[in-house]
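Per TrEMBL, the features are as follows:
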- 88-94, 116-118, Arg381, 407-409, 490-492: GTP binding site (BINDING)
- Asp89, Gly116: Mg(2+) binding site (BINDING)
- Asp89, Glu90, Gly91, Lys92, Asn114, Ala115, Gly116, His117, Thr206, Arg220, Gln300, Thr315, Arg379: IMP binding site (BINDING)
- Asp89: active site, proton acceptor (ACT_SITE)
- His117: active site, proton donor (ACT_SITE)
- Lys217: active site (ACT_SITE)
- Thr375, Thr376, Thr377, Gly378, Arg379, Pro380, Arg381: substrate binding site (BINDING)
Amino acid sequence: MALSSIAVDPVALCGGGIRSRIWSSLTPSHLAPSDGLGWRRKASAAAASRTVSATAAPTAVEEVGQGDVFDRVASLSQVSAVLGTQWGDEGKGKLVDILAKSFDVVARCQGGSNAGHTIYNDEGKKFALHLVPSGILNEETLCVIGNGVVVHLPGLFQEIHGLESNGVLCTGRILVSDRAHLLFDFHQVVDGLREAELANSFIGTTKRGIGPCYSSKVIRNGIRVCDLRHMDTFTQKLEILLRDAASRFEGFEYTTDILKSEVEKYKRFAERLEPFVADTVQVINESILQKRKILVEGGQATMLDIDFGTYPFVTSSSPSAGGICTGLGIAPKNLGDLIGVVKAYTTRVGSGPFPTEILGKDGDLLRDAGREFGTTTGRPRRCGWLDIVALKYCCQINGFSSLNLTKLDVLSELPEIKLGISYRQTDGEKLKSFPADLSLLEQVQVDYEVLPGWNSDISSIRKYTDLPLAARQYVERIEQFVGVPIHYIGVGPGRDAIICK
């Protein structure tokens with residue numbers, strides 16, 4: 001079965017559904033311009049920390065704008081993005097879900113099913129997404145899985161089935177790039193074998209096969225979605241991959257029967273995937289020309305970036321701003337507002353340095369209060385104070401126009417809250433930037449600034465001026481340190497639990 005190349009016919013894309021009623025075509029001659037909003041309105045003991053201030057000086061509360069979230073959203077640029085600023089799990093999916101109401105397209109540009117985004121619908125039902133963009137709950141939003149994403153088809157179909165069984169229409173609303181690379185089950189096996197080889201030096205991956213799939217891509221023997229159009233050569237390409245894995249890993253099982261079974265399975269997948277496949281580079285750029293609004297949803301976060309993160313304890317793609325261009329085919333000149341999502345404290349999963357980590361029962365208390373367990377793996381996350389040094393570094397790399405501070409409510413019962421404001425070497429010399437050398441990072445001493453807690457429930461507050469003074473001081477102190485305004489503040493998991501500042 002050969003996949004047809006969708007270039008694209010709206011009826012083929014939408015099946016006569018809501019998209020066909022909204023976009024009469026996705027070709028330049030038929031795309032109607034949008035009217036702005038469109039057609040809808042740890043560290044080890046050696047890293048012991050020093051306290052530099054018992055209490056932060058009160059700061060003036062400056063009102064920078066009031067009104068609901070959509071007043072703020074209306075001013076966002078045509079191509080905007082939501083990116084993580086820490087080690088992932090910051091709550092990006094929730095903001096994307098909220099903003100999607102005012103965007104025509106929501107697109108993923110990198111990563112794979114290791115990106116677990118938890119969102120809630122209007123009835124409070126929880127959805128855990130991994131490959132499908134978080135705009136899917138907004139029925140008029142087109143969701144794009146870009147060329148930079150690695151796609152595990154069994155997982156994608158399972159996710160689509162779960163959404164549709166809960167009344168969420170997917171057919172005609174999800175496009176998969178014909179340039180995206182296919183992630184096979186054997187990539188996941190290889191991921192586990194690779195981690196086992198590393199023993200005590202393991203990376204701490206999700207074992208979803210992301211790294212091995214990107215490895216296939218980079219050494220140029222990967223298989224892309226468009227290769228499903230040519231099943232006559234698909235078998236040869238897959239056999240090369242399987243034989244390569246078998247020669248590399250002693251525990252990897254490969255037989256001709258396994259190859260035959262896999263090929264038959266992907267013949268069926270090819271037919272099932274056909275309605276979703278498109279040249280998404282064309283779709284995205286035609287949308288830009290026709291003034292459609294595009295929201296890019298980042299997976300993972302900058303501290304996991306293959307170039308800028310705590311290498312080698314990183315992911316295999318570029319979750320920073322540069323990944324938007326390479327993962328979707330968007331020219332840099334078209335990028336606009338970039339929103340960085342930062343948790344009110346810091347978490348990370350897996351191995352790697354974590355300078356502001358809170359060890360022992362205090363870390364356990366923060367983990368339980370924030371329900372810090374992985375969406376994809378269920379693994380408990382390591383918890384610590386907000387790391388200003390890492391956050392400033394991420395803001396520098398990405399050029400964020402604003403920040404979304406999430407889970408502020410989790411800190412509500414703490415008598416005092418710390419901000420890790422600078423790093424020092426063991427000889428006391430202050431570091432000027434976030435270091436690349438992990439041996440240095442593992443030994444840094446953190447200078448903390450201590451702020452008073454607010455000791456009150458803020459989960460029902462929806463206006464910034466209604467927050468306790470201490471909570472506002474905390475928000476504004478972060479702004480002062482990083483030099484980027486905080487426009488969105490999360491005070492709970494629900495869709496409405498957000499404050500626009």
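Note: Cβ is positioned from N, Cα and C throughout, glycine not excepted.
Unlike curated records, TrEMBL annotations are generated automatically.
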Most crowded position, judged by CB atoms within 10 A, among Gly88, Pro380 as binding-site residues: Gly88
Sparsest-packed among the binding-site residues, when each Cβ's other Cβ atoms within 10 Å are tallied, from Asn114, Thr118, Gln300: Thr118
Rounded inter-Cα distance in Å - Leu408 (GTP binding site), Asp89 (Mg(2+) binding site): 14
Densest Cβ neighbourhood among Gly91, Gly116, Gly378 (binding-site residues), 10 Å radius: Gly91
Least surrounded among the binding-site residues, given as Arg379, Arg381, when other CB atoms within 10 Å are counted: Arg379
C-alpha spacing of Pro380 (substrate binding site) relative to Gly88 (GTP binding site), in angstrom: 13
Gly91 (GTP binding site) and Lys217 (active site), distance between Cα atoms, whole Å: 29
Leu408 (GTP binding site): tally of other CB atoms within 10 A of its CB: 24
Cβ-Cβ distance under 8 Å to Val491 (GTP binding site), same chain, at least six residues away: Leu408, Asp409, Ile458, Ser459, Ser460, Ile461, Ala497, Ile498, Ile499
For Asn114 (IMP binding site), the one of Asp89, Lys94, Pro380 that lies nearest, given that the binding-site residues are compared by Cα: Asp89
Nearest of the recorded positions (Gly91, Gly116, His117, Thr118) to Arg379 (IMP binding site) - Cα to Cα: Gly116
Neighbours of the residue listed as 'active site, proton donor' among the binding-site residues Asp89, Lys94, Gly378 (Cα to Cα, within 10 Å): Asp89, Lys94
Inter-residue Cα distance where the pair is Asp89 (Mg(2+) binding site) and Arg381 (substrate binding site), in Å: 9
